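Below is one structure; the comments refer to it alone.
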Amino acid sequence: MDRIIEKLDHGWWVVSHEQKLWLPKGELPYGEAANFDLVGQRALQIGEWQGEPVWLVQLQRRHDMGSVRQVIDLDVGLFQLAGRGVQLAEFYRSHKYCGYCGHEMYPSKTEWAMLCSHCRERYYPQIAPCIIVAIRRDDSILLAQHTRHRNGVHTVLAGFVEVGETLEQAVAREVMEESGIKVKNLRYVTSQPWPFPQSLMTAFMAEYDSGEIVIDPKELLEAHWYRYDDLPLLPPPGTVARRLIEDTVAMCRAEYE
């Protein structure tokens, strides 16, 4: 339940509006509310980090509003809480009125939800499940440059899960659609909340089965097999894509060195 911020309130401050995050001096604000001119604003505690509260403040600041990507180098737990704040702020902003009857909505006091004051419909934050998969072929890994990555970064394949589809089916479909190959021996690795804007990445490793690379030009600029010790520019540390690549490299080194 949200409340008015008082002078001595302290902690981490996730100040967000329209999927942007307030980052004075390029950092997530930490300290007393008065130091950031937040006294009198409404805040909702969305978690704790290292014993300190993490607050969500739905507010637009004139300066220093940036992307949550700018804090990806934070500790994983704090980055996830910052992402939670940005996603919740957008959820509350976009669910002021009921999609069924049009009446005004209000936030639940017990969970992350919005409730209709008229028809009692209940809405939850949207989460879009995605798959991401590292594909190994002997001593090489399949890496691709996506059309949305114009900075030369090469990464593993990924895509959204479709309605009525299992995660395993999504992997097989996305890999075939984007690269034209089939995979086998699929193994789940980990997951990562990814607030761009509201994804949940489910990460897998797989082995090459059959087929030749034929890219989907709408999705990829190129895709190639890269030997584990001769890789192109990779995604930054802290991303699940980077972890998948590093795990694959470690497996190759254990087998070929």
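For all residues, glycine too, the Cβ spot is worked out from N, Cα and C.
Annotated in Swiss-Prot:
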- LYS25, ARG69, GLU111, TYR124, GLN192, PRO193, TRP194, PRO195, PHE196, PRO197, GLN198, SER199, ALA241: substrate binding site (BINDING)
- CYS98, CYS101, CYS116, CYS119: Zn(2+) binding site (BINDING)
- ALA158, GLU178, GLU219: divalent metal cation 1 binding site (BINDING)
- GLU174, GLU178, GLU219: divalent metal cation 3 binding site (BINDING)
- GLU174: divalent metal cation 2 binding site (BINDING)
- 125-248: domain 'Nudix hydrolase' (DOMAIN)
- 159-180: motif 'Nudix box' (MOTIF)
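Summary of the divalent metal cation 3 site environment: with the site residues GLU174, GLU178, GLU219 set aside, the chain residues having Cβ atoms within 8 Å of the Cβ mean position are LEU157, ALA158, GLY159, VAL175, GLU177, SER179, ASP216, LEU220. Taking the Cβ of ALA241 (substrate binding site) as centre and 10 Å as the limit, one finds 24 other Cβ atoms among all the protein chains shown. Of all the binding-site residues listed (TRP194, PHE196), PHE196 has the fewest other CB atoms within 10 A of its CB. A Cβ distance under 8 Å defines the sequence-distant neighbours of the motif 'Nudix box' (159-180), meaning residues of its chain 6+ beyond its ends; these are 128-131, 133, 135, 142, 144, 186, 188, 199, 202, 204, 206, 211-216, 219-220, 223. Residue pair CYS119 (Zn(2+) binding site) / GLU111 (substrate binding site) shows a Cα separation of 19 Å. Nearest Cα neighbour of PHE196 (substrate binding site) among the listed binding-site residues (CYS101, GLU178, GLU219): GLU219. With respect to their backbone Cα atoms, GLU178 (divalent metal cation 1 binding site) and LYS25 (substrate binding site) stand 40 Å from each other. When the binding-site residues GLU111, GLU174, GLU178, GLU219 are compared by the number of other CB atoms within 10 angstroms of each CB, GLU111 has the fewest.
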